[in-house]
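What follows is one structure encoded as structure tokens, with my remarks underneath.
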Amino acid sequence: MAKPKKPRTPAPDPPPAAARLPWQPPAPPVPTALLISLAALLVRVLVSVGPYSGQGAAPKFGDYEAQRHWMELTLHLPPSDWYRNTSDNDLAYWGLDYPPLSAYQSLLHGRIINASLPEAVALRSSRGFESHESKLLMRWTVMSSDLLVLFPAALWFVWAYMKGGIGASEEERREGWMWLLAMVLVNPCLVLIDHGHFQYNCISLGLTLGAIAGVLSRNELVAAALFSLAINHKQMSMYFAPAFFSHLLGKCLKRKYPIVEVMKLAFVVLGTFGIVWWPFLHSSEAALQVLSRLAPFERGIYEDYVANFWCSTSVIIKWKKLFAIKPLKLISLSATILAFLPSFVQQVKSPSNLGFLYSLLNSSFAFYLFSYQVHEKSILLPLLPASLLALKEPQLYGWFVYFALFSMYPLICRDQLLLQYIAVTGLFFLIYYSPGGIHKKRLNIPCGIKLVLSLPLLSSFILHISYLQIEPPERYPFLLDALIMFICFSQFVILTLYTNYKQWMLDTHSRSIGVKKDL
């Protein structure tokens, strides 16, 4: 007798999908990454419509004119005259003060602009040249640099980060990669400085990000080459050097043939530097001339009202009056080394991928707070590793971004980019607080500490309005700038103490759960 068939039970209804924003559709990774990248590009395009640094402000103008002038110089002069004072190259007027790779980039962009608008980069006669067409071309050079360098590096990093499962659970890796990519690409400070104020930080930061992705994906030789290129584009990339050196050294020392591993890395670094510096290696005088332009100690230990140690404490200790340049250089160097030394030692002793990301942040914070000749735009460097830790430290990243933006507020107001500042900040925090976002992973902070932390936040709201509406007293014309600097400095100090503590606690956590280091 045949057995009666069991009635088929209907399939259960699928669970309701989590709330998503338009930039976070339930799509395969590649189309989704493309949508996020296009959205980030659109933000850059909209910001670039606004004014730029020094627009119409003769006779020195601003960073926009500096970049245009370097295109003019590299296009018409031989490399031997790029860093030398000559009749055609007045170093007092925006003399080239970045490494050779930055000069080659200016040459490439100069040739592109010269093909379409030669009068914009004509030797001598183009000084202070401004037109709608030249602005479009100059903006396009930054946009294309971003697309060719930073965007691919960001995608590579997110892939390597998720594949390695660095400091994140399986669920966070599966659901959080889109949010992480958006956090890296829609960095409001970088967008405002590169596409508003006008600079090419996207190239050096993109090369550094590519080097970080190389380390995480175990392509250390590629990472060494990319980071060497980053240093040769902007010397401020040295902010990350202690982290790269300590992490790679720590890995090499734990391998079977440590000397061979170190020699391979050294060969790549020296080879990359040799190729980039080749036109200037024909004589020691030419090489020294370039080096002298890369270290402008005569400008002083700080510029404007930057939220670092030297400027913030100068209200009490008049560093520039008490010390000559030479002892100040030594004091600054010693303070910087002491600040990054704990992070450095931890990575040599116990290298790990998550520790490497913390080390990048701690090292760059040390340089920002204590090194010689820091300006407000240098906050972009610690912001890069902070964005890479956004999944692990979402509260830290949101807090840091807000006060990094606030530290640049006087510069933004001078450049008349207030509308862009408000729009980009609002967009960033809209994405940051998106439904289902990682920001919900909160820290357990006592109520008393929360109250203390709310004071600088409230003060920043008041100062945002006061800076625009209140005229400071004649005796203290930069009073509001100084108050902004003090508030931001205090937050940066708290953040760097916290991240150094978190890096050192990685050893304790690893021993307690028996984590094997990624070598």
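Positions of Cβ are set from backbone N, Cα and C atoms, glycine also.
Remember, TrEMBL labels are computer predictions, not curated facts.
According to TrEMBL, the compositional bias 'Pro residues' annotation covers 9-24. As annotated by TrEMBL, region 'Disordered' applies to 1-24. What TrEMBL records for 136-161, 176-193, 205-230, 265-281, 330-348, 354-375, 418-435, 447-470, 482-501 is transmembrane segment.
Between the transmembrane segment (482-501) and the stretches 136-161, 205-230, 330-348, 354-375, 447-470, it is 354-375 that has the most C-beta pairs under 8 angstroms. Tertiary neighbourhood of the transmembrane segment (354-375): same-chain residues 166-167, 212, 215-216, 236, 238-244, 246-247, 296-297, 299-304, 306, 308-310, 328-329, 332-333, 335-336, 339-340, 342-344, 346-347, 381-382, 384-386, 388-389, 392, 492-493, 495-496, 499-500, 502-503, 506, selected by CB-CB distance under 8 Å and a gap of 6+ residues from either end. Remote same-chain residues near the transmembrane segment (265-281) are listed as 79-80, 83, 99-101, 104, 220-221, 224-225, 228-229, 232, 248, 252, 287, 289-290 (criterion: CB distance under 8 Å, separation of at least six residues from the stretch ends).
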